[in-house]
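TrEMBL has this to say about the protein:
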| type | residues | note |
| --- | --- | --- |
| DOMAIN | 13-56 | domain 'Calcium-transporting P-type ATPase N-terminal autoinhibitory' |
| DOMAIN | 128-192 | domain 'Cation-transporting P-type ATPase N-terminal' |
| DOMAIN | 243-341 | domain 'P-type ATPase A' |
| DOMAIN | 846-1015 | domain 'Cation-transporting P-type ATPase C-terminal' |
| REGION | 1020-1041 | region 'Disordered' |
| TRANSMEM | 180-199 | transmembrane segment |
| TRANSMEM | 205-225 | transmembrane segment |
| TRANSMEM | 362-384 | transmembrane segment |
| TRANSMEM | 404-434 | transmembrane segment |
| TRANSMEM | 821-842 | transmembrane segment |
| TRANSMEM | 848-870 | transmembrane segment |
| TRANSMEM | 954-983 | transmembrane segment |
| TRANSMEM | 995-1013 | transmembrane segment |
Amino acid sequence: MAYLRKKSMEFLKSFEVPAKNPSEEAQRRWREAVGTLVKNRRRRFRMVPDLDKRSQAEIERRNIQEKLRVALFVQKAALQFIDAARRTEQHTYPLPDIARRCGYSISAEELATIVRRHDSKGLRLHSGVEGIAKKVAVSLTDGVKSDDTGVRAEVYGANHYTEKPPRTFWMYLWDASQDMTLMLLAFCAVISVAIGLATEGWPSGMYDGVGIMLTIFLVIMITAASDYKQSLQFRDLDKEKKKIDVQVTRDGYRQKVSIYDIVVGDIVHLSIGDQVPADGLFIDGYSFVVDESSLSGESEPVHVSTANRFLLGGTKVQDGSARMLVTAVGMRTEWGNLMETLSQGGEDETPLQVKLNGVATIIGKIGLAFAVLTFAVLMARFLLGKANAPGGLLRWRMEDALSVLNFFAVAVTIIVVAVPEGLPLAVTLSLAFAMKKLMQERALVRHLSACETMGSASCICTDKTGTLTTNHMVVEKVWASGGAQTVSTAKGFDQLATSVSAAFSKVLLEGVFHCSGSEVVRAKDDKITVMGTPTETAILEFGLAVEKRTNIEHAGAQKLKVEPFNSVKKTMAVVVASPNAAGRSRAFLKGASEVVLRQCSLVLDGSGNAEKLTEAKAKRVSSAIDAFACEALRTLCLAYQDVDGGSDIPSDGYTLIAVFGIKDPLRPGVKEAVKTCHAAGINVRMVTGDNINTAKAIARECGILTDDGIAIEGPEFRQKDPDEMRELIPKIQVMARSLPLDKHTLVTNLRNMFDEVVAVTGDGTNDAPALHEADIGLAMGIAGTEVAKENADVIIMDDNFSTIINVAKWGRSVYINIQKFVQFQLTVNVVALMVNFISASFTGSAPLTIVQLLWVNLIMDTLGALALATEPPNDAMMERPPVGRGDNFITKVMWRNIIGQSIYQLAVLGTLLLRGKSLLQMDDDQLNTFVFNTFVFCQVFNEVNSREMEKINVFSGIFGSWIFSAVAGATAAFQVIIVELLGTFAGTVHLSGRLWLASVLIGSVSLVIGAILKCIPVDSSSGPSDRRDGYQPIPTGPNAV
């Protein structure tokens, strides 16, 4: 046994793949290890990527990128000459009649070509962006009219990409029918019908064969229906993944529309982290930089401005903001061509799918050995009997051929039952169910493995703003002109307004409205709204209130230069041609309080005059900042400086205007969610860019920061060497003033130094490396940029920390549900194999017919997976530690239950087979039917038993899973139909009420056996696990009820 166990463990090492970014070598290794022992390759590997097809798609993608690289970066004279010659030959692009009738004067092909080829000369020939806008009949100020979008989509195309048509039910039916063992059985059934008709005549001679064929058809139909339902769930998830909203100006108003509703002529607003939704031309903007590596493969960022106006769909905005005129959409863009190749080959398999492929392969080999052995024993007994009969081995009749055919069919059916094709597919079923439920709970799982891995998460590194807090911000307090006021109350706001002069208010309002990445817009109903981040929105709403209260409006000014907010500098800056700066330019700086304060040398008093910022005054400002932070307020400083000429942004010498204290309340339920994490053995760490005092106040309020934990600032953390980090990281609960690089370093060290399974949240473009590095990257759906979402595994659509806990709970549910199913299926496997082999050895025949074995296979495979793999999670799942990286999937607890139940069932069925006729006074047909009936009810009750692997109460929440109840009820009902109504085809006879009751009672004893087994204490851990969080595995035995 030790030798077999060692060999099995060595074999299963081939089935180890990482959860994220597995290498092609690892993927091919486990496929080769599976070998040829697969009943239905089309179905077994349906959810596994086709590596050859993926390689071809990668080659095609590189070819497209190479073509783009040539077009974009190597436009030499020869290429320009070829393009010029081509244009000379064609003269002009023909304008379609429909475009002319609709008032457009440029064709879709010409528009697309100008941007795709970066044709500056062609753009000048059309009088630049303004000329193109006229030719597509759009105002660069008001955008397209909503009523025209349908016409534009008809003339210039819709922003949709060519996708593979969805698979139909008939395709899944065809896949299910490709099972080699079922084909062999169908062949045997046809031969059986032919021989039966020849020997027994019509209709009795066809019953056995037709019964087999009908059962095969039932198996194929149920399998195909289950697979098709899964595909519909994944199709819905794919639609959700592709939903991207962009901001456009239409009908003169700024609004959000789906990326798929973008049309040629749309004015699109782009900012950091956005994905460019289509090809277009730069209209205006500031410091606009895009990353074209997804298209061209070139990592060098591209600066887009009036000198280089071309923007390609699919590229990412790295910096700045801009407006873009859309010129080509859908398949007329290079991104559209690339999209066709990106989806080829399927999604990577999950570690659990691979592990269970390994388990299925080992069990399949054992099953094949038993099938061959059973066939050999049956044939040996038959030949011995034949040799002793008159005529010996030389005299063969049709009945003898039918017997041999039946032996072969029984052996094939044993392989059907023994090779658990459903094991890897049960993972897919469970993940599809969990992902659909999570989508309803506001979490979109982008990668299958993430849902599975989240159940093993031992650490969550979370942002503060919007995740732990509501992200509904208001300016609570303001420090200005030497004092702090609570401006959230009418009295405090009036006191601030009356304590400062009109000159001060003008400077304040200029800074608030011009030094902002957000925008005040008027909707169709004349309602004024602010579009932008919650922090910017709070400050602009404060500015609007000041304007209303003081009747002073901010002065309009041309922006000369904008430096958008940068998470490294933690500031944003702008230079404007202010009418209040006596002919000079005015620079405004806004950002992290301590950063801005260090760059100030003056401070604005209540009269609007600048005073020297002495050390004493700077200390008073710092004290006000600390006081705000200790009240859990986000703090921002606003400063200005008048500069001579040019548009350079100064690095110091600013005049401090005000300090804002912004309130962002804790989300309801966060305290309870953090408490749940701690109970589940999951450490929660807050990583934020905010002031350390603000971070500590929020962390204490929600239970993250405890007495034995520490809070540290990013700059201090960065200076630690590896040895210091090894000692420090386990104690870190809060990291404030952190850079995205700090988050990446923390995640990397947690994974490498401490072997933690790390989930990390992120919303900004700079969070992408940490999201990619973590075991599970969690992007925010509301505050998150498209770059962050693209690098994430899960998108938290409501930005709520409690939703992250739901993902962890469902992840654990997937893992535990698959363990339940494996325990159930292995028990059926062991009993079915042993019963057939023992019966063949002692009686010379198999007690279960082919039809009966196929029915048992349906119960333990498709129906068993449906019942056990779709059970919803319960709160008890979050009261145990997470599964470690190296833990074995089949635990000692599972082996205890499998072995115990198998021994009971084998003892009962063996007794019935050997002594059943004398004990129960019945003939052979009744005995075989009774054995079959008892065997099935043992499985039905063992299915109930498998709902809880460690707790005695297996009925808890049973009606909360209607699928389980429906499957168990349907199994019992169909068993009655098979025995009582389909006996001719299934090889069963009528059973009396006494025998039915006996079958149910013997099966129900499985529940008692299960309870007794759970009183036997075993180590519930699944492998050696050196945990650092102090959590112990949950107890087993009667106390675990």
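Note: Cβ is positioned from N, Cα and C throughout, glycine not excepted.
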Most Cβ pairs under 8 Å with the transmembrane segment (205-225), selected from 404-434, 848-870, 954-983, 995-1013: 848-870
Two-stretch contact, the transmembrane segment (362-384) and the transmembrane segment (995-1013), at least three Cβ pairs under 8 Å: no
Beyond the flanks of the transmembrane segment (404-434) by at least 6 residues, Cβ under 8 Å: 37-40, 43-44, 47, 179, 181-182, 184-185, 188-189, 191-192, 195, 212, 226-227, 230, 233-234, 350, 352-354, 356-357, 359-360, 363-364, 366-368, 370-372, 374-375, 378-379, 382, 445, 448, 451-452, 810-811, 813-814, 817-818, 821-822, 825, 828-829, 832-833, 836, 846, 850, 853-854, 856-857, 860-862, 864-866, 868-870
Helix, strand and coil residues within the domain 'P-type ATPase A' (243-341) as assigned by DSSP: 18 helix, 50 strand, 31 coil
For the domain 'Cation-transporting P-type ATPase C-terminal' (846-1015), mean pLDDT (0 to 100): 87
Same-chain residue ranges lying at least 6 outside the transmembrane segment (821-842) that approach it to Cβ under 8 Å: 356, 359, 363, 366-367, 370, 373-374, 377-378, 381, 410, 414, 417-418, 420, 422-423, 426, 848, 853, 856, 859-861, 864-865, 868-869, 889-890, 894, 897-898, 901-902, 905-906, 909-910, 913-914, 931, 935, 938-939, 942-943, 946, 949
Helix, strand and coil totals (DSSP H, G, I; E, B; other) for the domain 'Cation-transporting P-type ATPase N-terminal' (128-192): 40 helix, 3 strand, 22 coil
